[in-house]
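Record features, source TrEMBL:
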DOMAIN    A:63-268  domain 'ABC transmembrane type-1'
DOMAIN    A:349-539  domain 'ABC transmembrane type-1'
TRANSMEM  A:12-34  transmembrane segment
TRANSMEM  A:58-86  transmembrane segment
TRANSMEM  A:98-121  transmembrane segment
TRANSMEM  A:143-165  transmembrane segment
TRANSMEM  A:191-216  transmembrane segment
TRANSMEM  A:249-272  transmembrane segment
TRANSMEM  A:293-318  transmembrane segment
TRANSMEM  A:353-372  transmembrane segment
TRANSMEM  A:384-406  transmembrane segment
TRANSMEM  A:412-428  transmembrane segment
TRANSMEM  A:476-498  transmembrane segment
TRANSMEM  A:518-540  transmembrane segment
């Protein structure tokens with residue numbers, strides 16, 4: 001366009017959005033990285049924080065644990081998710097639709113609920129543990145530590161592999177497979193030489209997503225990990241125990257963590273850019289039917305996994321209606337937990353909805369406007385914004401919590417303990433879903449539609465609100481629903497940022513579990529899970545789609 | 001209402017490349033004016049400069065006496081029709097057409113009347129409550145046309161409006177557009193790369209190449225007397241044959257070979273004896289004769305009304321790489337069909353052929369009009 005600088009509406013939007021990101025993301029992160037290289041008292045440049053981390057086993061063991069557990073979770077998720085995706089796409093499975101919905105629900109409900117219900121079932125005084133103890137005098141293997149983390153995270157994260165891979169499988173045209181068969185390929189060979197290579201890039205992308213989620217998760221290891229320290233829990237405990245407010249060591253650990261996730265993120269980008277095949281399926285793979293024993297095995301396998309992954313939700317819903325005495329559930333139904341929740345913890349419910357609502361409005365606004373400027377008003381500034389909006393992918397929630405707190409508990413802008421800081425954490429963490437879906441739909445809208453409106457006498461800004469935004473809406477909503485669900489379930493950043501006035505349901509569930517108030521935790525978890533499910537159902541209804549894009 | 005468009009020395013640059021170095025045109029009020037050229041010639045760029053979607057980096061564009069350079073697109077009162085129709089998918093046919101009227105705050109009763117009238121003109125009135133996804137490409141383009149015209153724009157701009165339609169519909173829509181344009185008499189600038197479409201629809205055509213206007217004229221002028229080889233080959237097809245000028249006793253001849261030369265009465269006085277030239281002969285300007293160019297038939301293709309023959313010159317001095325030439329034989333003219341490898345003589349129609357200088361940049365015939 002013109003070389004002259006035009007100070008129009010979109011310039012203001014660009015600068016505003018850039019300002020928000022600079023203030024709430026770039027500035028805090030820079031502060032964090034600088035802090036990591038500072039001596040706590042003198043503020044001199046030092047590498048001592050990193051030396052401390054890498055010299056004491058207690059610290060660096062957490063890094064090793066993080067990598068080991070995230071890698072195991074990723075491998076297990078592939079082992080489970082890949083066959084399910086293949087079986088569900090290629091063969092007739094009874095109750096497929098329901099299974100799909102259950103898989104999505106188990107993916108979208110908060111992982112700490114999973115951890116907490118497995119503790120209820122198989123923990124030291126868990127139902128199953130006691131059952132085996134009393135009837136058979138058997139000690140079942142402990143659920144705490146590495147095994148528990150593995151169990152909970154795998155059941156929560158294999159859906160990513162499932163969704164990614166079945167998406168890719170649906171795009172394979174059956175003519176490719178027929179071509180392989182016509183060239184003399186046996187069924188087993190066609191799987192190994194045609195299908196696997198075609199879905200490999202997608203599988204790797206999904207695997208890295210699982211890895212990133214697993215390594216950044218805070219709720220699961222904190223509830224079920226016990227002595228098994230991982231980076232997010234270590235950062236959290238080091239940060240919380242720094243009474244004087246000198247968080248340089250925690251900052252150093254956060255830096256190590258961000259360094260690791262950045263590398264993974266770059267690898268993921270590289271794979272997606274270099275190795276993805278463009279396929280469009282005119283004729284998807286024919287759905288076949290398994291016969292005899294293999295049919296039974298397939299059904300047993302799929303149902304077992306899906307039931308296992310949905311058990312936590314069922315457990316919390318069931319136990320939320322039980323009467324309690326202290327940490328104990330009694331064998332009688334009661335609404336006592338709900339009464340307690342509403343009388344004592346009602347604030348956390350309103351907080352969740354109010355903050356969530358404000359956050360989702362901001363997310364939709366920023367998401368649509370950012371998508372618009374970076375696809376239609378390209379400039380150096382939008383390139384900067386594009387890069388900055390990638391940050392949330394690589395910054396674990398707990399790290400984001402610490403950065404925001406460090407940046408805004410002193411200086412000119414003090415936000416610590418406010419609702420604003422919670423909402424901003426939500427916005428930054430969950431914006432990418434909405435941003436990406438908004439950009440995706442914009443690419444499908446021809447610019448000439450906007451030009452048509454302008455040529456008819458509508459100013460460009462008015463055109464955006466009158467035409468473009470309306471056409472964007474379906475795409476925006478499909479991302480916004482994901483943002484919304486993940487906002488109300490957010491724990492790892494809010495657990496650092498909350499105060500008694502600003503706590504949300506997920507934070508309260510966490511604190512209630514920690515003080516062994518299982519009944520109220522179950523009631524809150526039920527409210528949260530039901531909200532999630534209703535949101536999902538509304539989404540399915542609104543978009544008419546049967547799937548959800550991650 | 002309708003205006004004349006005066007384009008004076010306009011310049012367009014993208015980054016460092018200059019797309020339009022210096023272009024001037026005058027488009028008359030009420031005229032159907034076509035910008036024609038291969039892709040990348042700058043025709044769409046120029047149209048979008050008139051529309052206001054591209055900035056003007058030098059010179060100026062006027063609607064009548066008014067310079068519009070700094071007027072934003074939405075205030076220029078233009079009607080625009082796009083290649084991909086650009087119908088608002090969330091609005092019905094009627095709502096699409098009403099869109100511009102609502103922005104102009106036209107009273108409801110008048111708006112309804114105008115929408116009804118224009119929808120009847122484009123024969124879409126029966127579809128007024130449909131959503132666009134239920135319409136075919138041709139129907140969508142009718143709606144787009146109605147939407148652009150109903151606001152009574154200063155000018156109507158059309159950017160390859162027919163290129164997404166199939167061949168049959170394209171011919172039908174082109175006469176719809178032509179008829180409606182004449183009916184309401186609006187200045188229209190039409191962009192296309194399809195020379196046949198340009199010839200059929202335009203009052204005048206500007207042929208463009210590399211951001212430079214090669215020739216402006218009526219379809220007939222441009223077809224008959226192209227200003228250079230580019231125009232001669234881009235509009236219709238032309239056989240290009242190398243020859244030499246021979247001046248004898250003040251008479252000018254074009255010499256093809258030692259056996260065959262033709263006397264030309266309309267060559268410009270600038271030609272010199274012995275000058276190398278390129279003779280451009282359209283397929284329909286050749287007739288079978290007893291003398292003339294000696295050729296060998298390669299292939300005949302029957303088209304019904306005529307037969308198209310491919311041939312090569314036996315003397316082998318055709319200009320350029322492709323040495324295969326064509327001529328057409330009207331079916332009614334003859335009962336004799338030529339066969340492969342037949343050797344015949346072809347004689348060009350002296351009043352119609354064109355003669356260019358050696359590099360093809362100048363037409364050496366006297367009555368060439370560069371800018372009508």
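Yeah, the Cβs are placed from backbone N, Cα and C, and that goes for glycine too.
Curation does not apply to TrEMBL; its annotations are automatic.
Since this is a predicted model, take the numbers as computed values, not measurements.
Sequence-distant contacts of the transmembrane segment (A:353-372), counting only residues of its own chain at least 6 positions beyond either end whose CB sits under 8 Å from a CB of the stretch, comprise 10, 13, 17, 20, 385, 389, 419, 422-423, 426-427, 430-431, 434-435, 437-439, 442, 464, 468-469, 472, 476, 479-480, 483-484, 487-488, 502, 504.
Within the chain carrying the transmembrane segment (A:143-165), a Cβ under 8 angstroms from the stretch's Cβ atoms is held by residues 65, 68-69, 72-73, 76-78, 80-82, 84-86, 88, 103-104, 106-107, 111, 114-115, 118-119, 121-123, 126, 199, 202-203, 205-207, 209-210, 213-214, 217, 220-221, 224-228, 230, 305, 308-309, 312, 547-548, 550, all 6 or more beyond its ends. Same-chain residues lying 6 or more positions outside the transmembrane segment (A:384-406) and placing a CB less than 8 Å from one of its CB atoms are 14, 17-18, 21-22, 24-26, 28-29, 31-32, 35, 212, 215-216, 218, 231-232, 235-236, 239, 247, 250-251, 254, 257-258, 261-262, 264-265, 370, 373-374, 415-416, 421, 424-425, 428-432, 435, 490-497. Across the candidate stretches A:12-34, A:293-318, A:518-540, the maximum count of CB pairs under 8 A to the transmembrane segment (A:476-498) is reached by A:518-540.
Sequence-distant contacts of the transmembrane segment (A:518-540) (same chain, six or more residues past either end, CB-CB distance under 8 Å): 101, 104-105, 108-110, 113, 116-117, 120, 313, 315-317, 319-320, 322, 324, 327, 329, 336-338, 340-341, 344-345, 348-349, 352, 477-478, 481, 484-485, 488-489, 505-506, 508-509, 512, 546, 548.
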